[in-house]
Amino acid sequence: MKRAAAAAEGPSKAAAVDPRGVGKPELARKPGEARIPKRKLALLLSYRGTQYHGLQRQTDPALKTIEGEMRVALSKAGAVSPENAEDLSKIGWSRSARTDKRVSAAQNIVAAKLEVENDDVDALVSRINDELPHDIRVFDAVRVTKSFNCKQSCDRRRYAYLLPSCLLASNDEIDAAFASVGYGPEKIEACRNAVALAKREGARPSDWQISDEAARQVAATFAACRAAPDAIERLRQFLRCYVGTRRYHNFTKNLKSSDEQAKRFILEFDAGDPRIVADSTEWLRLEVVGQSFLLHMIRKMVAVASEASRTDRGDPSTLLDGLTSDDAVNLQVAPGEGLYLAAPVFDNYNKYKAQPPQKPKLEWDATHAKHDVIERFRVEVIEDGIVQGGKAEALLPWVLYLWQVRLFGFPLSVEDPIPVPNPTSGADGRLSFSPAAAEG
């Protein structure tokens, strides 16, 4: 497991071949060789996603993705033929969840028609892992029905988010931390003016970021943050308000409240007790279960709940009713580094279509032979990779996030404007600014 964590920092075998899926990788079989029978397999995939631009292969070949690495590994392992190596759709590829940039997965299921020599699935898994970087692992592969599709067969998804306690700190604590490194009110005013001027001239805002050294110093200060019990209780109350069916057009991109796709059903959302790592940083583990999720949806849910809880912005149910009404509100997005897919759930497939032992149930609970190794990866590679043994540097993504919140504000209703000073924009010298413009 230690090798898995280290792999994110250096090149791997697959990286030498072509981790992004650029060009044609070397293939284990040559054209004209006898075909090996194909089997429809579900692969249990675990990965630390902080070095990747999401699971799904991107149109930009320069972006490294989990599926890009998998394509190379499957080719090198002889699991796909040369003519199918360039297009995963040709092997019936499906996935139970599409994780975003920097998001990890303790258990994600992908399925495909793969060539299994001598029907030895374990040997195939071993060959695939030999060609993968060590922050991506295939821990199991099982036969599934020919019609099996991961997305369609998945009943619900369970995600976890490790939230550092600095996201529940008061405004005074956050302001003091930034002011101590020279990013107080005057610097904030200057950054806002730079953004406003750039917007006025049609340029991309660039002079609002906090310096690397200042961010590290703020992270060291935030490492001592401990969440107040009342803030934790407000957070739990807010998270539970998500349960049920709501319209989440404000929690994703390019959707209107009238779009049917915006409607999502949440079964559970709660927060565990805070945990201090190595007498240093403190973290809370949030867990959400839903039928399916939209792009950025969970990260915006976490951002809204933590912001409302730390600032005590009012009744959680009333706030959430407003954010899921017809009104459009531009919400901030919590860092992806804290999020991982815990497991997809296949209750209906397991009950009605699985045929053990030839086609086992798709569940890897505590009684499963592979459970312990999967759990070790989740704890030692994913979660330990997030908290980094209590190092203050682990908080850097959240420092940058809180600086953006401090600079541009965080509206939780249409009545909450985000003012940016601008000497040329009207009598009061202010205009509304959208956080998305700063994110690019």
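The backbone N, Cα and C atoms fix where each Cβ goes, glycine too.
Among the ranges 201-220, 361-380, 421-440, the one that TrEMBL lists as region 'Disordered' is 421-440. Your range for region 'Disordered', going by TrEMBL and the list 1-31, 63-93, 94-124, 156-186, is 1-31. Cα spacing between TYR159 (substrate binding site) and ASP100 (active site, nucleophile): 12 Å, rounded to the nearest whole number. Listed recorded positions: ASP100, TYR159; maximum Cβ neighbour count within 10 Å falls on TYR159.
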